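For reference, the structure discussed in these notes is given below.
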Amino acid sequence: MNLNGSGWAALGAVALSWVAIWYLRKRRLNFSLVALLALAVGIPIGLVAGPNVETIDPIGQIYINVLLATVAPLILVAIVSAITSLGSLAKLRSIGLRSIFWLLLSNAFAVVLALGLALTFQPGTDVSYQLGGISTDAIQGQVQNVNEVIVGFFPTNVIQNFGANQVIPIILIAVTLSVAYLAIAEKEFEQVRAFRDGAEALKLVIFKAVGYVIRLTPYAVVALTAHMVGTSTNLGESFKSLVGLLALVWVACFLHAYVLNAAILAAFANVPAVAFFRKIFPAQLTAFSTQSSVGTLPVTTARLTREVGVHSEIAHFTAPLGTTIGMPGCAGIWPIMVAVWGINAYGLSYSAGDYVVLALLGVIVSVGTAGVPGAATVAAATVLAAARLPLEFVAATIPISIVADMARTMTNVTAAAVSATVVARQTGLLDDEIFAGRAQFVDDDELAESELVTDAARNRGAPALPRPRPVGTYVGIPDPAWQPPGPAPHHPRVYWGADELAVTAAHATTQIEIDRRNGQ
């Protein structure tokens, strides 16, 4: 790398932009907005520096390398944490396997949808890239055939698998360890408690570390954008191609979120789609704004339990699991779109069999994606690494990834909510009374607190209160013709009539006043 005047100027401009980015982040400016500003700054740097922009290329390459280094540990701890949290093989077989099935099926639909749209509209054919100086012949030699991919699914040397970022063997290792833990924990939990606690602690640490890497995205965007602009001989076509890719990704995300999921709800959950989407809209809006599936979890689980009627055990397992497994927007649609776009931009010849392998990898790699901002970049890098395609594809699309992330995250959260609803229906733990608005969810803590107040009042000699109807943790409207809906025995619920609630509240208030006057 020879540094001339223009090269030094490019480095200086990048350094100054980093100072500005740091200042804006200190002022707590929105992360996505900062990344877009970084994109805007990188364009003129690339235009002015031209070919001398090669001096800042190592910056972008370092970012990509560090990002790739997080893939293996992230997948391992995410899968181990999700499976071990079930606590038993019985739950793994019932709730766990059902949840995993529907989350993966949702992602499989996303992969097929993305591949169908990409092959129909062929993004990337309107531009020609020579990314990283890698020729088309070199890439062609890196593409695996089906037999190599299948054999490569199985681990040979754990250290080698991790060092080479061989994703599928890492997934199999994680699943094997997790199932072994559950088998032992059912009989000798104390002996393996440290394994579960260690996995949870390691997950927190690694997710935090990945967050640090993702925070570097705006800094890397400056260098990556400048390099792409400076080395591009057809700049107008390049940005037109990226905008076309972005539009296609948004179309795929909204088709999956509202069309495919509506069909799933109607066919397997017997739930009206329009009403369902209206009930989870706050979660979708939060996901769209924060670009974080994990950050949206409190809203998602609250809407599922309080508005949709999903039992809390399923809502608090399937929705969090959906931030690790599935994620059709980040781990299905985006990696496939980026891969097809890059293949076309390179002019790489890809057969039908190659695309089948790519789709299969897209489904499998979706196991273990973190639901944090920027996770789609990791997922795309993972799929490309598994398919032995160059990571320059990911680098070239980072400038639009921030904008795409809004639709991707909304799609992820919607798919997780739909999967939880289907699992709840199949296990008999979906309350139609709550969904229809005829009953209201009451948190277990709230119910326990009200029972304590009632018991305490009775012990003080207060008049007996009406006992709650013996089937629910939901508040219903009193009806002379009311009959319990007859839930499964393993799903106890209590329905409180409005009159009973009023008496309980008045009684508790009176007793509190008596206690105050007596100095108790």
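Each residue, glycine too, has its Cβ placed from N, Cα and C.
Marked as transmembrane segment by TrEMBL: 6-24, 31-50, 62-89, 101-121, 167-184, 205-230, 242-269, 321-343, 355-384.
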For the transmembrane segment (242-269), out of 31-50, 62-89, 101-121, 167-184, 321-343, most C-beta pairs under 8 A are with 101-121
Before we move on, state whether the transmembrane segment (205-230) and the transmembrane segment (101-121) share at least 3 Cβ pairs under 8 Å, counting only pairs 6 or more apart in sequence. no
Surrounding residues of the transmembrane segment (6-24) on its own chain - C-beta under 8 Å, 6+ positions past either end: 34, 37-38, 41-42, 45, 48-50, 52-56, 59, 218-219, 222-223, 226, 230
Any chance you could find the range in 101-121, 167-184, 321-343 with the most Cβ pairs under 8 Å to the transmembrane segment (62-89)? 167-184
Apart from its near flanks, which chain residues at least 6 from the ends of the transmembrane segment (167-184) lie with a Cβ under 8 angstroms of it? 71-72, 75-76, 79-80, 82-84, 86-89, 92, 152-156, 158, 161, 191-192, 195-196, 361, 364-365, 367-368, 382, 385-386
